[in-house]
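J.: Sharing a structure here in structure tokens format.
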Amino acid sequence: MAITDWPENERPREKLLTRGTAALSDAELLALFLRVGMRGKSAVDLARDLLQQFGSLTRLCAASAAEFSAIPGMGLAKYAQLQAVMELARRALAEQMNDADVFESPLAVRNWLRLRIGSLPHEVFHVLLLDARNRLIEAVELFRGTLTQTSVYPREVVKLALARNAAAVILAHNHPSGAAEPSPADELLTRSLKQALELVDIRVLDHFIVTAHAQPLSFAERGLL
């Protein structure tokens with residue numbers, strides 16, 4: 001049955017407009033993005049197929065162009081639209097961090113990190129460079145590694161922070177395995193970076209471990225800084 005044949009109060013668009021986004025299921029929200037279905041399937045049916053195929057919204061949004069386009073009814077145009085939506089979300093969160101003290105919007109920092117690096121299949125190390133008022137100057141991917149290790153050199157982090165005239169930094173890296181617990185190597189790296197940056201009067205405010213399906217783990221909250 002086409003969505004236009006549904007009772008008006010059950011159609012995703014009408015439901016969103018009258019009851020808000022929280023009233024919609026993942027499939028209904030995705031159907032609004034898809035707009036149309038395909039022969040024999042409504043947009044909601046197609047959305048359910050996509051979620052079943054990828055297993056979650058996170059994996060769907062992290063799919064490659066080839067993986068996404070392999071699904072019947074999808075293609076490069078839809079893939080480009082999805083990536084544009086994701087990038088708009090990242091930029092909106094980055095604006096919040098640019099305009100205010102990051103401690104006034106800690107959820108924005110966490111959400112930005114999850115969107116940026118949470119679903120990557122390889123490990124990356126990011127440095128968020130902050131000014132004296134803890135506003136974001138720039139976020140930089142400094143190193144990229146394998147699934148199990150990445151090479152992070154304190155001198156490169158210090159060099160970057162000085163070049164951008166940063167007063168403080170937030171460190172972040174992802175665990176593609178999905179386990180957010182810090183390893184002994186993670187703790188050692190954090191101490192090394194903090195000590196190196198302290199020598200040039202740059203504060204390390206936090207270090208986050210980011211995964212796809214959980215809130216980033218904060219070293220500061222764990223008492224590991």
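Each residue, glycine too, has its Cβ placed from N, Cα and C.
Keep in mind that what you see is a predicted model, and the values were worked out from it rather than measured.
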J.: Out of 5-18, 173-186, let me know the one Swiss-Prot marks motif 'JAMM motif'.
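T.: Among 5-18, 173-186, the range Swiss-Prot annotates as motif 'JAMM motif' is 173-186.
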J.: Residues sitting near the motif 'JAMM motif' (173-186): Cβ under 8 Å, six or more positions beyond its termini, same chain?
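T.: Result: 117-118, 120-126, 147, 149-150, 152, 207-214, 216-217, 219, 222, 224.
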J.: In the domain 'MPN' (102-225), how many residues does DSSP call helix, how many strand, and how many coil?
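T.: So the domain 'MPN' (102-225) is made up of 44 helix, 33 strand, 47 coil.
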J.: Can you give me the residues near the recorded Zn(2+) site, meaning same chain, not His173, His175, Asp186 themselves, Cβ no more than 8 Å from the center of the site's Cβ atoms?
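T.: Surrounding the site, in chain order, are Glu123, Asn174, Pro182, Ser183, Ile209, Val210.
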